[in-house]
Amino acid sequence: MNSKVFAVLLLLALLTCILSEKYCPTPRNTSCKKMNIKNNCCRDSDCTSNAFCCAEPCGNFCHKASDKPGGRRVDPNASCQTGYVYW
């Protein structure tokens, strides 16, 4: 009996973790018409208030987490520098 209760509680805990996952919001623009981009962040730790560092067409920006997938978080291991990046 105890193992069944444990299994149910474990399943509920896993579902809660999966359903509470947060994402970067979908970017407003799909392309960038500028000749330069500006990275306001390169990793989540560059953002305040538990925001995510999200990749967008015109650079990386901090955004509040979204419940729906659609955006892309910046890879913290990728080569990145904050500020303007010229093509």
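Note: Cβ is positioned from N, Cα and C throughout, glycine not excepted.
If you look up Swiss-Prot, you'll see Cys24-Cys54, Cys32-Cys58, Cys41-Cys53, Cys42-Cys80, Cys47-Cys62 marked as disulfide bond. Here Swiss-Prot flags 21-66 as domain 'WAP'. The signal peptide annotation in Swiss-Prot covers 1-20.
Fewest other C-beta atoms within 10 Å: among the disulfide-bonded residues Cys41, Cys58, that description fits Cys58. The 10 Å shell around the Cβ of Cys80 (disulfide bond) contains 17 further Cβ atoms across the protein chains shown. When the disulfide-bonded residues Cys41, Cys47, Cys62, Cys80 are ranked by how far their Cα is from the Cα of Cys54 (disulfide bond), Cys62 comes first. The number of other CB atoms found within 10 A of the CB of Cys47 (disulfide bond), across every protein chain shown, is 19.
Between the CA atoms of Cys24 (disulfide bond) and Cys62 (disulfide bond) there is a gap of 9 Å, rounded to the nearest whole number.
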